[in-house]
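As recorded in Swiss-Prot, the features of this protein are as follows:
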{"type": "DOMAIN", "residues": "6-247", "note": "domain 'ABC transporter 1'"}
{"type": "BINDING", "residues": "40, 41, 42, 43, 44, 45, 46, 47", "note": "ATP 1 binding site"}
{"type": "DOMAIN", "residues": "297-528", "note": "domain 'ABC transporter 2'"}
{"type": "BINDING", "residues": "329, 330, 331, 332, 333, 334, 335, 336", "note": "ATP 2 binding site"}
C-alpha cells in the first residue's frame, strides 16, 4: 500500500494582506517516493503551495489557513522551521540567494555545522555528495564564480547533504542554458532514483522537465487544482493551452500536420509514439524573400578583459536595420558582457560604428538614445511609482521641456498599448505590462535597437506571448530587435538570425534552423535541438523541411 507523505485536505490559504485566498480547497496527496511536477501560470498559487511545504509560510509570510495540511502525518504548520528543514529541502530559483559559504566546501558543510555534526562525519558527507555531483574539483572555489549549471549542482548538494526525504525544486531551469538544464533534469532524476526521495518540481518549462519521466503532473490555476494525473492524460487534453502553459513543441507540430493524437497513449514520450516513418510527406524547399538590409551598428575587433581574463575576444559584428537577432550560448559565454558593450556600460577595445560614424566615445546616456537595454526583470529597471513618470524619467533627466515630454510620452504609451493606463501606479500592472513600461522608457528616448536580456525567462505562456507579440509589433514599426535567450523555441519562432557565443568568441552567425540542425555547433555552445528535430527523425523527413512547415503555419511563409 502506498504511504502518504504530504497531504492537503480541503486546504485554503489567504495572505494577511489580501482579501481573497491564494489557495482554495486544495485536495492533494503526495506519496512516498513519487516524482511530481507542479505547473500553472504566473500567479496561479503553485509557488504558495511550495512555500507552505518548506515553511516560508507561515514563518516568513503570514496568513490564514483552513483545512488540513500534513507532512508524515503531522500538522505541518505546528512544526518548527528547524524540524521541517529535516523533512523538506528546497533548491531555489535564484541559486545566488541560497549560498552561505565562501567556498563550495563551506557551503556544502553549512547545514551539518548547524546540526553540530562531528568533523570526521562532516568531511565524509561533504566528500560523498561532492563526488556524486561532480563537484570535487570545485570545492575550493567561490560559488559565485561558477557557471549556472555548476551553481545548481552546488545548491543541490547543499540540500542533499542533509538527506531530507522530500526535495522541492522551485523553477530549477529558469537561469540555465538548454544543455545545462537538460543535465540538471537528468541529475534530479538520478538522485530521485538512487536516494528514493519524494521529489516535487515547480516549473514553467514542461517539455524540458518531461525529458525524464515524472509520475504525475498537478495543474494549478486561480488557487485551485484543475488536473492531477499522468503526463499522458494531461497532454491529451487542451488544459495546458487553456491555462497558459506551453505544450511540447513536437505535439504542436503533430497537430499542425493533422495527426490524430486522441488515440495515442504515450504522448509524453516522443520515442514511444505510434506514428511511423513515411506517415507525413513534406516538400523541402522553403522560399522566403530576404531583403537586402542596411548596416546600422557595426562592431570591429571588440575585446574586453576583466582582471586579465579575456571575456570578449576580437568580436566582429554587423547589426542591420530591421533584423531580429537572437544571441545564444552557454552560461558564461560572454552574452551579457556583449550586451553591456553594445550599451556602452563597459569600455572595450575596438571600433563602434553607427551607420558608418564612429560612436565609441558615446556616454551611457548617448548610447541609450540608439540602443535601449531592457533587463530580464522589469522591477530592477523601474524607479518611480507612476507609469507616466517612469516613461518620462529619461527625458526629464535630459532637461527636456515638460510640454514636449508630455507629447513624446503619450505618443510612446500609445505605441506600447499603455495609454489608457498612463495615470496608473506601476504596482497595479502585470509582469508583462511592466515589461512594456520598461520598453516604453527606452523607446521614448528614440532608441532604434531594442536589446533584451532573456525577455521571457520564467514567464507563463500568456506573458510570453504578450511580450513577444508586442516585440513583433515594434519590429513591424521599424525597430531592430536583439535578444539574449536560452529558449531555443523563442529563437526559432521570433528571430531570423542567430549569433552563437562560446568563451567570449562569436563562433557562428547563421539562421536559427541551420543552427538547430548542426549537432557539432550545438554541443560546442551547450545548446540542444528542439523536439521538432527529434520528430523529424521519427517521421524520416528532413528536419529543416519540418521546421519550415512549422514556421509556415506560424508566420505565413510559403513552401515549395
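Backbone N, Cα and C atoms are what each Cβ position is placed from, and that goes for glycine too.
Structural mapping of features recorded in Swiss-Prot.
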residue : record             : Cβ within 10 Å
40      : ATP 1 binding site : 26
41      : ATP 1 binding site : 20
44      : ATP 1 binding site : 24
45      : ATP 1 binding site : 23
46      : ATP 1 binding site : 24
47      : ATP 1 binding site : 19
331     : ATP 2 binding site : 20
333     : ATP 2 binding site : 25
335     : ATP 2 binding site : 22
336     : ATP 2 binding site : 17
How far is it from residue 332 (ATP 2 binding site) to residue 41 (ATP 1 binding site), counting Cα to Cα, in Å?
-> 29
Cα distance (Å, whole number) from residue 334 (ATP 2 binding site) to residue 43 (ATP 1 binding site) | 33
Chain-mates of 329, 330, 331, 332, 333, 334, 335, 336 with C-beta within 8 Å of site centroid, ATP 2 = 177, 501, 502
Cβ-based neighbourhood (8 Å from the centroid) of the ATP 1 site, residues 40, 41, 42, 43, 44, 45, 46, 47 excluded = 48, 220, 221, 460
On the domain 'ABC transporter 1' (6-247), the mean of the pLDDT values is 91
Are there residues of the same chain, six or more positions away from residue 329 (ATP 2 binding site), whose CB falls under 8 angstroms from its CB, and which are they?
-> 177, 335, 500, 501, 502, 525, 526, 527
Have a look around residue 332 (ATP 2 binding site) and count the other CB atoms within 10 A of its CB, chains all included.
-> 21
Residue 329 (ATP 2 binding site) -> DSSP, reduced to three states, gives strand
Counting other Cβ atoms within 10 Å, pick out the least crowded of the binding-site residues 43, 334.
-> 43
Whole-number Å only: compute the distance from the Cα of residue 47 (ATP 1 binding site) to the Cα of residue 331 (ATP 2 binding site).
-> 26
Using all protein chains in view, find how many other C-beta atoms are within 10 Å of the C-beta of residue 42 (ATP 1 binding site).
-> 18
Taking only the Cα atoms, work out how far residue 334 (ATP 2 binding site) lies from residue 40 (ATP 1 binding site), in Å, as a whole number.
-> 32
